[in-house]
Amino acid sequence: MSQRILVADHNPDVAESALSLLQLGGFEAMAVRSGREAIEAARQFQPHVAMLDICMPDMDGYQAAVALRREHVAPHRLILVAHTALSEPDDIERVRQAGFNFHVVKPLADPLCDLIASFLAEPDHRRDLQRRP
């Protein structure tokens, strides 16, 4: 069974390109455009990784992360990745407080599939926020 990756980004170009790259990389992927859509999609899709933009309409990535942790069937196994242009210390602290495992800054420096594979292989992904360039 392939790993399921949920991408939530308000920018349709970013969401669709991430979706295509992940599918080409062998992941089962789904893309949505808002935090609320991410919550709804996760109920059925049950992702292993949720990559959330922070600045989204109707529900931001912080709120979506908290809701995903609360509603996911295995919240301790869900890997949450903040995928955002926000990188100030206060932003990173908010990401940590919302329950994200990883913080990556747009645009991605590493190929997306390699980045996701590294998150899935990370033995300590449940302990504390890790920041990736």
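Including glycine, each Cβ sits where the backbone N, Cα and C put it.
No curator has checked TrEMBL annotations; they are predicted automatically.
Keep in mind it's a predicted model, so treat the numbers as computed, not measured.
The domain 'Response regulatory' annotation in TrEMBL covers 4-121. The 4-aspartylphosphate annotation in TrEMBL covers ASP53.
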Residue distribution over DSSP helix, strand and coil in the domain 'Response regulatory' (4-121) | 54 helix, 24 strand, 40 coil
Ordered by sequence, the long-range same-chain Cβ contacts of the residue listed as '4-aspartylphosphate' under 8 Å (at least 6 apart) are ALA8, ASP9, HIS10, ASN11, VAL14, GLY61, HIS83, THR84
